[in-house]
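Copied from TrEMBL, the annotated features are:
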| type | residues | note |
| --- | --- | --- |
| DOMAIN | B:4-261 | domain 'Heme-copper oxidase subunit III family profile' |
| TRANSMEM | B:16-35 | transmembrane segment |
| TRANSMEM | B:41-58 | transmembrane segment |
| TRANSMEM | B:79-102 | transmembrane segment |
| TRANSMEM | B:127-147 | transmembrane segment |
| TRANSMEM | B:159-179 | transmembrane segment |
| TRANSMEM | B:191-218 | transmembrane segment |
| TRANSMEM | B:239-259 | transmembrane segment |
Amino acid sequence: MASLCGRVAVSSVRKNVLCTSYRFASKVTMGDPIEHATGLEKRELLAKAAGNENPFDLKVIKRGPGTKAQPNEIPSAFDARLVGCVCEEDSTSVNWMWLHKGQARRCECGHWFNLVHKAPV
Amino acid sequence: MSNKNHPYHLVDASPWPILASLSALILMSGIIKWFHFYNHSLLMIGFTSMLLIMFQWWRDISREATLQGLHTYTVTMGMRWGMILFITSEVFFFISFFWSFFHNSLAPAIELGMNWPPKGIMTFNPIQIPLLNTLILLTSGITVTWAHHSLMENNYKQSTQGLMMTVILGLYFSLLQGYEYFESSFSISDAAYGSSFFVATGFHGIHVIIGTTFLAVCMARHMKNHFSQIHHFGFEAAAWYWHFVDVVWLFLYISIYWWGS
């Protein structure tokens, strides 16, 4: 048992000393920041590197004609999205409503909205 | 998860909030028991459980950030605001001690001999250890900035060195402050001077210990390659906290150690 503990201690010390001395011997970086990231953080960084500054579609969308034939298209990767319509330019409040996939919806001010599927980044 | 297309971090169920609350209850009861019966058994249980929970909660957070990639730009902005608001609340915490110090010192009561420092109090010489401590904290502000710029330059070696020196300077400050307390000719029970001196410098000392621990955790994480050139908010939060502790010391030094002596 004592020799086992001794071996574990010696090997871990040797590993750490060698590893540290290697790191200090040459110019060592933490690697490429995009390679360093993972998961959603990496997907966001890759989207931005590809020129997409709005990967989660959170910025305000300027309203188009918004008629029944040409509704405002709201991107979403989900089945529904909360949409806030600024009905008039000087409006002091935002009118919120749930917009579901496949069901175009009209705001009380008359503008139409439609949910369009957008693949996740 | 792959269908997720929003930048927010919806956290998983975790045992730490309820366990931290219960251990805070034990810790507070332990402090009361200590004050009233001079027995610290319950305090030690509360303190130990709190330390274990803090370790595991923050371990989970660093795993979420580094290994699960859940900290997007939006999430880090939330943490930035959280840290700014937390440090602001800490500023006001210290303002209250300075308020009581100036309340007592600017118009000393008849019980203090209408003098500040009060009659009979032998204060510390501000140009001895306190001045050295000022120099140590100012230097540590430089080394932590060196570590930060090395991180931003993707320089592993120099950021390790800068962090190491900052942690060593933090430990050295605590050591000297402990020595000063040990040598002190007055105690926290010595009227308005002792109370305001030890409450203000004592809380500052605890903040130095917390800040040093925070920086040491950052150094351990950096050596495990948790930080990248563009994503190292854990380190930045520790550096902000360290600068805050540094600035509080400058005010303590100027008002309590220097003007107040």
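Using the three backbone atoms N, Cα and C, a Cβ is placed for every residue, glycine included.
Automatic, uncurated: that is what TrEMBL annotation is.
Remote same-chain partners of the transmembrane segment (B:159-179), defined as residues 6 or more beyond its termini with a Cβ less than 8 Å from a stretch Cβ, comprise 129, 132-133, 136-137, 139-140, 143-144, 146-148, 150-151, 201, 205, 208-209, 211-212, 215-216, 218-219, 222-223, 227, 235, 242.
Taking every listed stretch (B:16-35, B:79-102, B:191-218, B:239-259) in turn, the largest tally of C-beta pairs under 8 A with the transmembrane segment (B:41-58) is reached by B:16-35. If you look at the transmembrane segment (B:239-259), the same-chain residues 6 or more away from its ends with a CB under 8 A from one of its CBs are 83-84, 87, 90-91, 94, 98, 101-102, 123-124, 126, 130-131, 133-134, 137-138, 140-141, 144-145, 147-148, 166, 170, 196-197, 200-201, 204, 207-208, 210-211, 214-215.
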